[in-house]
Each structure stands twice: as C-alpha cells, then as structure tokens.
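Note sheet for the following structure.
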C-alpha cells in the first residue's frame with residue numbers, strides 16, 4: 001500500500017525545505033507554492049522541492065485572483081488593522097489556504113502541511129481557513145511540532161541533503177506579496193531600536209527620495225482602481241506598478257507594535273506603498289459620492305472587517321456579510337483623484353466624480369449661492385427641540 005499524499009505549502013525557505021525531507025518518510029509530498037506577487041525565483045523553488053524529495057511540485061500564479069477577490073474587498077473597506085496595518089500577510093493566507101485545499105482535492109491528498117511556528121498568527125489563519133473549506137482534511141505543522149532552533153534545522157538539513165539558503169545569516173523574517181512587505185525579527189524585536197535602512201526592501205528612505213514631487217491621477221470605477229494617468233491595467237498590474245512609483249518616493253513605511261491573535265505583542269515593519277496611496281485616493285472618491293449616513297456607518301463595519309481578517313476569519317459568515325454591504329456602497333464610487341507623492345507623503349490634492357454629491361452652488365459663499373438660508377431657522381428649532389425640552393424639564 002502506498003503512502004498517503006500530503007500537500008505542503010512550500011516557500012522555498014529552510015523551514016519548508018527541511019519539512020519535505022522530514023515528511024517524505026511517511027508521506028508522498030506534493031509541494032505547492034503560490035505566486036502572490038512576491039517576486040521570488042519561482043523556477044528555482046519548483047526545482048528545489050523536487051530535488052529534496054517532493055513527488056510533485058507546483059507553482060500557481062494567483063496574483064490576479066488575489067488582487068480581485070481578496071485585496072479589492074479590503075481596499076474598498078479601507079481595512080487597516082489597529083488603524084495602521086493594511087493586512088498584507090493576513091490577506092494572502094486565505095487564498096493560499098483555498099488553493100491548498102483545491103490541490104488536495106485535485107491530487108487525492110488527505111493531509112495539508114504548513115511551515116508556521118507555534119507563536120504566530122499564520123498557523124491560525126491557515127488551519128481555520130482549511131477547516132472552513134474542508135473540515136475532513138488533516139493539517140500538520142512540522143515546525144510547530146519540532147520546536148527546533150535554527151541550528152538544529154541546519155544540522156538536519158546538512159544530514160539529509162537539503163540545500164542551505166544563501167541568505168541564512170539574514171536576521172529578518174520577511175513576507176511579501178503585491179499588497180506589501182512585512183519584516184520582523186533581528187534588531188526589530190527591540191521596539192526602542194529604530195529600524196535600520198537594511199530592513200526595508202521596496203521603498204526608498206524619504207530623505208533619499210526625489211526632491212521634486214510627482215503627481216499621478218488614479219481612476220476608480222465602482223470602487224475599483226482601473227487606471228493610473230489614464231492608462232488602464234489589471235488590478236494586480238496597477239498595484240505592482242504603483243508599488244514602484246510610490247516606493248521610490250518613500251511612501252508606505254509603517255512601524256507598528258501590534259496585538260497578535262495569539263496574545264502577544266509584536267513589532268513589525270511594513271512597506272505598503274501602493275496600499276497607502278490607493279487607500280487615501282479611494283477614501284477621497286467616497287467622500288465625494290457617498291451619502292452622509294453611509295459615510296458615517298461604513299467605518300464601523302470597516303473596523304470590524306479588519307479585525308475579522310486579521311483574526312483568521314476571512315471565510316466566516318460575518319466577513320461575507322460585511323463585504324456584501326461594502327460592495328453595495330461602491331456602485332457610485334466613480335471618479336479620479338490627483339495624488340501628490342513627495343518624500344514619504346501621499347496627499348490627495350484634487351478629485352472629481354460624475355457621481356459627486358458636492359454642489360458648488362450650495363457650498364459657495366459667493367453671489368452664486370443658491371442655498372436657502374431662510375430654511376435654517378425652522379431646521380434649527382426642530383433639531384434642537386429634544387435638547388430644549390430636556391433643559392426645561394431637568395433644569396439643564
């Protein structure tokens with residue numbers, strides 16, 4: 001009788017490479033790596049998995065699906081965990097889990113493995129998502145089970161013919177996709193240490209950014225960014241392009257001490273140039289086009305959605321319901337913003353929309369004013385009536 005098939009979420013790094021060598025004793029390991037826009041050498045990763053002992057190796061290009069079905073709903077909901085973090089890693093985990101489950105069904109695998117440690121958020125995100133999509137699949141986490149130190153991993157790797165990554169002495173733990181880059185560990189673990197320039201990878205230091213501002217126009221259709229400077233492109237390509245444009249101006253650097261799902265605080269350095277520009281630009285079009293009641297209510301749901309996504313509940317009914325509400329609000333979110341990029345700042349300086357609720361003739365203080373000021377007297381009386389009655393009854 002043959003071995004059980006196992007799907008391994010494979011990154012090409014030391015942890016998941018050692019996992020192949022360890023798991024192949026009991027399983028037929030199928031390595032699956034998702035391209036979510038991190039810019040890795042995917043051919044090398046594909047071949048490396050086979051060299052170590054995987055029976056099959058797959059590279060899945062999911063950039064467009066990731067952008068359209070995961071990043072876009074988060075953008076439209078202005079999803080920012082603790083008002084600072086655009087959920088870079090948290091957004092990629094659900095699609096990775098989804099593809100792992102699909103590959104398990106396709107290959108007949110009964111088990112999924114991931115390379116997460118026992119103290120991070122991602123173990124929860126993967127396992128909760130997999131359980132939501134197929135509760136019959138088994139999940140194992142070799143790195144969590146081993147509790148090995150890095151030196152023990154290296155010893156095992158050398159003894160089992162696992163190639164040692166060239167950048168093994170890099171003190172940082174980095175995760176990247178098209179929505180941004182996350183960095184932790186090393187000197188960053190002390191929150192009193194200023195992040196050194198070497199900790200950043202996709203943004204220039206604001207001090208070293210160009211001395212001249214750059215202006216770009218971003219066009220939205222139904223809440224979706226579709227063009228930069230009138231050049232239409234897919235959402236994934238637009239985000240990747242904007243990462244380069246805004247990154248060279250030092251935009252999107254975030255230094256965040258965050259509350260992890262597992263109960264500890266961690267210090268993270270994020271680089272999210274495209275995300276920060278698009279979030280600002282999208283909000284300005286909403287300010288023009290959404291009625292007051294929606295503008296005031298939507299942020300309540302946005303905060304809740306941010307927490308749900310961060311806390312591993314992308315596939316929950318609550319997430320689905322909030323995304324449906326947000327999508328309904330986006331039907332009128334059409335227009336263009338002009339954004340000034342300069343030394344770490346992305347500032348919207350102009351905006352227009354065919355659905356704009358801004359009426360200059362109502363807002364102006366010039367002779368063109370057509371606001372009926374006489375109506376204000378009755379409005380004020382009725383609006384303040386409950387307060388007036390309370391003051392009369394309760395003597396203020």
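Easy rule for this one: first residue shown is 1, then count along the chain.
A Cβ is built for glycine as well, from the same backbone N, Cα and C atoms used for every other residue.
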* To do: According to Swiss-Prot, 9, 10, 11, 12, 13, 14, 15, 16, 17 bind ATP; identify which of 53, 108, 115 is listed for that same site.
  => 115
* Collapsed DSSP category at residue 258 (L-citrulline binding site) -> strand
* **Cβ-Cβ neighbours of residue 258 (L-citrulline binding site) (radius 10 Å)** => 17
* To do: Whole-number Å only: compute the distance from the Cα of residue 15 (ATP binding site) to the Cα of residue 122 (L-aspartate binding site).
  => 14
* Inter-residue C-alpha distance, residue 121 (L-citrulline binding site) and residue 9 (ATP binding site) (nearest angstrom) -> 16
